[in-house]
Amino acid sequence: MPKREDISKILVIGSGPVVIGQAAEFDYSASQACRSLREEGYEVVLLNSNPATIQTDHEIADRVYIEPITVEAVETIIRKEEIDAIEPHMGGQTALNLVVSLKKMGIIDKYGIKIIGTPVESIEISEDRQKFHDFLISIGERDPERYRISRSNYKEEIEKIPFMPVIVRTSFSLGGSGGNIVKTKEELKAYAEELFRGIDEDYIEVNRSLAGLKELEYEMIRDSIGNCITVCNMENLDPMGVHTGESIVVTPSQTLSDIQYHMLRDAAIKIVSGLGIVGACNIQFALDGNDYYVVEVNPRTSRSSALASKATGYPIARIAAKIAVGYNLTEIRNPITKNTFAAFEPSLDYVTVKIPRWPFDKFSVDRTIGVQMKSIGEVMGIGRTFEEALMKAIASLDIDLSYRLRLYVSDEEIWNLVRTPNDRRIFAIFEALFRDFPVDRIMEESMYDRYFIEKMQNIVDYLKTLEFGHIPENLISLKKLGISDEIIGRTCGIDPDEITRYRITNRILPVFKEIDTCSGEFEVIAPYLYSTYEDEDELPGISGFVAIIGSGPNRIAQGLEFDYGAVKAITALRKMGVGSVMINSNPETVSTDFDVSDALFFEPITVEHVSNILAKANLRGLIVQFSGQTGQNIARRIENVLGSSVVMGTSSESIDRIEDRSLFSKRLEAMGIDQPKFEVATNAEEAINKSLALGLPVILRASHVIGGRAMDIIYDYDFLVERSREVFENVNSVLVSKYLENAVEIDVDFVSNGEDFQICGILVHIEEAGVHSGDATMIFGPKIVPQAAEEKIKSIVGKLVREFNLIGISNLQAAIKDDEVYVIELNARSSRSIPFISKATGYNWVELAVSAIMTGKLEKVSVSSKGYFVKVSVFPFSKFNDMDVSLGPEMKSTGEAMYPGFTMEEAIRKSILRDIKSVFISVRDDDKPRIIEAASIMKQNGLKIYATMGTSRYLRERGIECETVYRIKDERKPRIYDMILAGYIDLVINTPEMNAGSVRDGFKIRRLCVRKGIPLVTNINLANAYSKCLSYTNIDYREISSYH
């Protein structure tokens, strides 16, 4: 069929800020879709509030709106842009839910909008669990036994359920939100009561639990005339009961019989055909022998779609977009080969393994995993065998266990970890095998298939042959199993880099194989490569190319913002006529799309794997500035292994001098640059004594970390003792620095060539200094930094550029207090704020940095902005019930949103995504004088103010009327907790107290705000900023270039 001619302008809705369950994979999907639609001559308008995405560049879409993803914004865009059609399938649950709302509110019909791809009616059937159940019955398929529990009569209805345990599910949810496995009726009643308090739906669904059955996924794609293929099937190592986003997943399935494979494939085709899917679709099955249940359908591109695309090389989102505008699978060429069509099912002659990356290194929370997602990102390993793919995925995780594999805990604890789904279960199984625990019991306790445990046994058996102090003679056999040099070195008691150096010297190197969707039957256009230890090498001629290291799995403090930099760097090299190589292990990202770079190496970002590529490919050099902390930490080691300088831009020597906080602070002192008073401590006792000498509060800062890991503002002696002991469990020295109270923190991004520099922009934190820059609410715009302070900043930047020979892009964090500028930190790399600054200024700063790296020259540019831009962070608090909401020096956010406006008030008001008519205020004594301004403004603007006794008395004494409410411990009514539950409160301002009773009360209130989705402010500066814009009504939604 020819493409549709009845539409010309298409609105693509993005997924918004990165949250758990909805991350970088949707930047990948939407970017592919936009490019695909533009190839066909359609004008593409893109809506997404996330500035860190590639899709919000004008190279991807014709018109870009970085605005709130709301009904109001979409209707404005439809009207302004005269939109013909909406593509909602590339923006995750956010976009799907929004288009369903647009349909129900009559906006789709009002403007005559066409929904391309899978119809809204099919989406509603897939997402509404009752409708989906009825649909399955109608086509002769089945889901688990189910009961619907209503809000009005849940206790009686629960009593009638004839089976336990059950799994609780909600409709239109993301990442398993609201889901839980419940074992008793009393437990279910308590959970239902809690759940109904936090959701708007009048019912929840209860299914018979299928925990323990094998879970399979089929990634399908179908066109409008009924052609349908299986892109791939995926097998979860973890059984049912663990969300597929939390499970280790292998592609293709390893343990299915041919009968089972085709039985599920036939069912998948029947389901997508019955639903009328037009585009991509993911179906999840629970397998019980030769019987099965249908668990769930995602009628859109998803996390699994991105994984399937990278596992097979089949560009699902790109193909789905073309299907959405009328093409059939038989008419669309596969862009990876150009010689085959999209109707050909991919064929794999290799194995991929995906492992999630959890944030438990940042959060001290419950590490068990289940039906709700907790992971932030994921990695994928590719190998010729399951063992090789698994071990490469483990190496890609970049956690301590990646490098040693062993878990040094008691036998009892090992069995607990094997038995209970958690982030360390795969390592506990390895440890059980090292201890010769029975395979049958390991299989029974973990419910892993015997096949996978026996493959892991192969790895353990080889490692057991290693001798301490000797490089193993069977090194090639170990490498064929994917066992990393890190694990071999640590097992043998030899520096892992010495193992890598030995291999390279003795030419024990891998070959590189191409992924082509067709098991090598056709030639590929763009090389997509993985390493393995075989004979035949398919490495293309890439001599003289420049390699960019990616940032690996998304994690707290290192996410989508760094992938943006990597992709823009590759694009810049291409513009300069320089061949580019991408090295990354993250299947969710745009950077690992097959045609972004001239050659893609899907490999772990480790000293070993990067050195292997450099040793074989004769590359011109390596750029590490766009890989977050990962590339910075391994740059010097790679050069030591290879015995040559390969890092381009700022040297690895300068990186080390900057990353070592003690050396850096001493150098600042010698240069006469102001910084907070500091001392260097080499043990816990020193840290305590030097902190007391400086005077509390202080901050303990470790070196070579990202996201302020393990940092806290320390106000009291007991906490000082506790943190000092904890921090020295992992490091040998820390910088003890005086905390600057009531200072304003700033982020300064700049590009330099070792002599000259160009400031990209200065972001001002609204909160006081002490909140991590990745979490802080920031603002950028005209004249927000005093002229005198700006001149001092420029002077400091110039000195740092020349002292450390900074070449490329860098980031300076500083604080302004009493008109003085104090340096906090320097990063000789791209920062989280570079995408934001690039979108706010309309200038490609990464391209300028790459030019400086490649030529040594720095073009002077002049940029200005007519608008103000607010950067607001998004947090994972709803996924971790035992996590406090208060912020500090250690980063907690998963993503960010940008809100632009022609005034500061408009920009800030857009960030508050609801009407505010009432506010609850409870602040500690130190903050009471500073809340007066905000409370007074809010009262003048007609807001109803509620406050706890102490705050209420303080406000009334100063002429601000408010209603007193009581804390939980006061045992009086009205209680603030009940009022929040009942919906009387629209905004909460609560600054944490330090005494135990108040801490417990405040924690419960803050957690309730998270559950109910109520805006929560824990900082007085932010409260003041909000108060000035709550009554602002002159809001408009504009194309991003109108602000430049």
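Just so it is clear, glycine is given a Cβ too, placed from its N, Cα and C backbone atoms.
The region 'Carboxyphosphate synthetic domain' feature in Swiss-Prot is assigned to 1-398.
The feature region 'Oligomerization domain' is assigned by Swiss-Prot to 399-539.
Look at Swiss-Prot and you will find 540-916 tagged as region 'Carbamoyl phosphate synthetic domain', backed by sequence analysis.
The annotation domain 'ATP-grasp 2' is assigned in Swiss-Prot to 665-854.
Neighbour count (other Cβ atoms within 10 Å of the Cβ, all protein chains): 17 for E825 (Mg(2+) 4 binding site). Under the DSSP three-state reduction, E825 (Mg(2+) 4 binding site) is assigned to strand. Annotation source Swiss-Prot lists ATP 2 binding site at R701, K738, L740, E745, G770, V771, H772, S773, Q813, E825, citing sequence analysis.
Residues or ranges marked as Mg(2+) 4 binding site by Swiss-Prot on the basis of sequence analysis: E825, N827.
Using a 10 Å Cβ-Cβ cutoff, N827 (Mg(2+) 4 binding site) registers 22 neighbours. Marked as Mn(2+) 4 binding site by Swiss-Prot: E825, N827.
Annotation source Swiss-Prot lists region 'Allosteric domain' at 916-1044, citing sequence analysis.
Counting residues of the region 'Allosteric domain' (916-1044) by DSSP class, helix then strand then coil, yields 64 helix, 19 strand, 46 coil. The number of other Cβ atoms within 10 Å of the Cβ belonging to L740 (ATP 2 binding site), over all protein chains shown, comes to 23.
In this structure the alpha carbons, written CA, of G770 (ATP 2 binding site) and N827 (Mg(2+) 4 binding site) are 18 Å apart.
When Cβ atoms from all protein chains are considered, those within 10 Å of G770 (ATP 2 binding site) total 23, not counting its own. In terms of Cα distance, the binding-site residues that sit within 10 Å of N827 (Mg(2+) 4 binding site) are Q813, chosen from R701, H772, Q813. Around the Cβ of R701 (ATP 2 binding site), the same chain contributes R661, M711, V734, L735, V736, S737, each under 8 angstroms and 6 or more positions distant in sequence. Confidence across the region 'Allosteric domain' (916-1044), taken as the mean pLDDT and rounded to a whole number, stands at 89.
Here the Cβ of H772 (ATP 2 binding site) has 23 other Cβ atoms within 10 Å, regardless of which shown protein chain they belong to.
Separating the Cα atoms of Q813 (ATP 2 binding site) and E825 (Mg(2+) 4 binding site) is a whole-number distance of 5 Å. If you draw a 10 Å sphere around the CB of Q813 (ATP 2 binding site), it holds 20 other CB atoms from the protein chains shown.
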